[in-house]
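Following: one structure in structure tokens, then a few remarks.
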Amino acid sequence: MNMATNSSVIVSDSPAARRAGMSESEWREAIKFDSTDTGWVIMSIGMAIGAGIVFLPVQVGLMGLWVFLLSSIIGYPAMYLFQRLFINTLAESPECKDYPSVISGYLGKNWGILLGALYFVMLVIWMFVYSTAITNDSASYLHTFGVTDGLLSENPFYGLFLICILVAISSRGEKLLFNVSSLMVLTKLFVVAALGLSMIGLWHLANVGMLPPMGLLIKNAIITLPFTLTSILFIQTLSPMVISYRSREKSVEVARHKALRAMNIAFGVLFVTVFFYAVSFTLAMGHDEAVKAYEQNISALAIAAQFISGDGAGWVKIVSVILNIFAVMTAFFGVYLGFREATQGIVMNILRRKMPAEKINESTVQRGIMLFAILLAWSAIVLNAPVLSFTSICSPIFGMVGCLIPAWLVYKVPALHKYKGVSLVIIVITGLLLCVSPFLAFS
């Protein structure tokens, strides 16, 4: 009888439970879905529905729908694979305090600061993108709806005011961020779905365009790949998410499971909702509107508020405003978390070389990072950084940080060899395409 019971327990224990050194009941208790899981799913979705979704229709309008469809076939499966690998390489790390420390743990301090710097540069570019986007778009909406006579974005202190508010909210901790983001993200999801459906009445089959020659189709698909990926990309929140789970959970396996589960849920919701929205919006917005948005350095939603007319136009304009502002705000929160973590990792790495760790005042470091973030974002606003160009420029860094570095770690570190396979080859190819993309764009 005892043998049967023991046998039953052994058979019922899942491989994940055994890896964690737990019984099945202990494992199920440990991985229960809680408010922290909900928070990270929401933050991930909020990160993805940001610059990618509001600027993607502009790029697709410039390049054509056929180009977007080909880049989607390449990009979305690859994105899922490399985000999963990114989580696994972080979760396996002996020390998981920030991204540079993870790299340092695998390859040593010098590699940690070098590769951490690449991650930092990627996040700096996204800080530029979101700070510029929220300033220009909010000013455009206020002017479009007659709230202001001119564009507030022409006043540099308007941008500074906005950034100070966003950084203040972002710096108050995960709990406040989750609370602030939850309503915004749920609203965004509803609006994305509703806007995609409402755009059906504005579709023009002429916007599908002719199938371009194969060579040009492939070239433009590679150029569009960074924009396609960023439409549902949330790699910027993965590092803070894994670090958060590792600090909360005693078991690495539990932390990994929770991080992967949050990523899977966010990816599934995003793919279904955003892909339909992107196609629908592209069919409704012609090439001329895309060119106009590009020249004004504003999003597709901001330009939609100008060109949509007829029945229901007022509703579409209002929800476009809500989606755009909420999208950029919540994405800024996600980028700021990653930026703060990356900057702290680099600063602490440098300071530990100069003085004992116990003498470093971490609260002073964090306040300095907050001030640095404000000045950095404000400089981008004053310079009116070109958003679409930055997405292309960021592509090689993103290819290295998101694809090539995790893949290299798998080949370099024996503990990660188990992640070798066909999926790793796909990740490497995608990383190389992302590195090539801007050279094709500016050729």
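Numbering starts at 1 and runs along the chain as it is shown here.
For all residues, glycine too, the Cβ spot is worked out from N, Cα and C.
Outside the transmembrane segment (38-58), and at least 6 residues removed from its termini, the chain residues within Cβ reach (under 8 Å) are 68, 126, 129-130, 133, 137, 174, 177-178, 181-182, 184-186, 188-189, 192, 227-234, 236-238, 241, 244-245, 259, 262-263, 265-266, 269-270, 274, 277-278, 281-282, 285, 290, 293-294, 299-301, 303, 323-324, 327-328, 330-335, 337, 387-388, 391. TrEMBL lists 38-58 (among others) with the feature transmembrane segment.
What TrEMBL records for 64-82 (among others) is transmembrane segment.
Tertiary neighbourhood of the transmembrane segment (111-135): same-chain residues 50-51, 54-55, 98-105, 153, 158-159, 162-163, 166, 236, 239, 297, 299, 325, 328-329, 331-332, 335-336, 338-339, 342-343, 345-346, 349-350, 373, 376-378, 380-381, 384-385, 387, 390-391, 393-394, 397-398, 400-401, 405, selected by CB-CB distance under 8 Å and a gap of 6+ residues from either end. If you look up TrEMBL, you'll see 111-135 (among others) marked as transmembrane segment.
Annotation comment: TrEMBL describes 155-173 (among others) as transmembrane segment.
Marked as transmembrane segment by TrEMBL: 185-205 (among others).
The annotation transmembrane segment is assigned in TrEMBL to 217-238 (among others).
If you look up TrEMBL, you'll see 259-279 (among others) marked as transmembrane segment.
Summarising the annotation, TrEMBL assigns transmembrane segment to 318-339 (among others). Residues 43-44, 46-51, 53-54, 120, 123-124, 126-127, 130-131, 133-134, 137-138, 141, 145, 166-167, 169-171, 177, 180-181, 184-185, 187-188, 191-192, 194-195, 198, 234, 236-237, 239-240, 299, 301-302, 304-305, 373 of the same chain lie 6 or more positions beyond the ends of the transmembrane segment (318-339) yet place their CB under 8 Å from a CB of it.
Among the features that TrEMBL reports, transmembrane segment is placed at 360-381 (among others).
The feature transmembrane segment is assigned by TrEMBL to 387-410 (among others). Within the chain carrying the transmembrane segment (387-410), a Cβ under 8 angstroms from the stretch's Cβ atoms is held by residues 51, 55, 58-59, 78, 82-83, 85-86, 89, 103, 106-107, 115, 118-119, 121-122, 125-126, 128-129, 132-133, 223, 225-227, 229-230, 235, 294, 297, 416-417, 419-420, 424, 427-428, 430-435, 437-438, 441-442, all 6 or more beyond its ends.
Taking Cβ pairs closer than 8 Å, the transmembrane segment (422-442) reaches residues 74-75, 77-79, 81-82, 85, 219, 222-223, 225-226, 229, 392-393, 395-396, 398-400, 402-404, 406-407, 410 in its own chain, all 6 or more past its ends. Among the features that TrEMBL reports, transmembrane segment is placed at 422-442 (among others).
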> What stretch in 155-173, 185-205, 259-279, 360-381 has the biggest tally of Cβ pairs under 8 Å against the transmembrane segment (64-82)?
Replying inline: 259-279
>> Out of 155-173, 217-238, 259-279, 360-381, what stretch is closest in contact terms to the transmembrane segment (185-205), meaning most Cβ pairs under 8 angstroms?
In response: 259-279
> Apart from its near flanks, which chain residues at least 6 from the ends of the transmembrane segment (217-238) lie with a Cβ under 8 angstroms of it?
Replying inline: 40, 43-45, 47-48, 50-53, 55-56, 59-60, 63-64, 66-68, 70-72, 74-76, 78-79, 82-83, 86-87, 90, 123, 126, 211, 259, 263, 266-267, 270-271, 274-275, 278, 334-335, 337-338, 388, 391-392, 394-395, 398, 401-402, 430, 433-434, 436-437, 440-441
> Near the transmembrane segment (360-381), which same-chain residues lie under 8 Å Cβ to Cβ, leaving out any that are not at least 6 residues past its ends?
Replying inline: 124, 127-128, 130-132, 135, 153, 156, 159-160, 163-164, 167, 171, 336, 339-340, 343-344, 347-348, 351-352
>> Which sequence-distant residues neighbour the transmembrane segment (155-173)? Criterion: at least 6 residues beyond either end, Cβ under 8 Å.
In response: 131, 134-135, 138-139, 180, 329, 332-333, 336-337, 340, 366, 370, 373-374, 377-378, 381-382
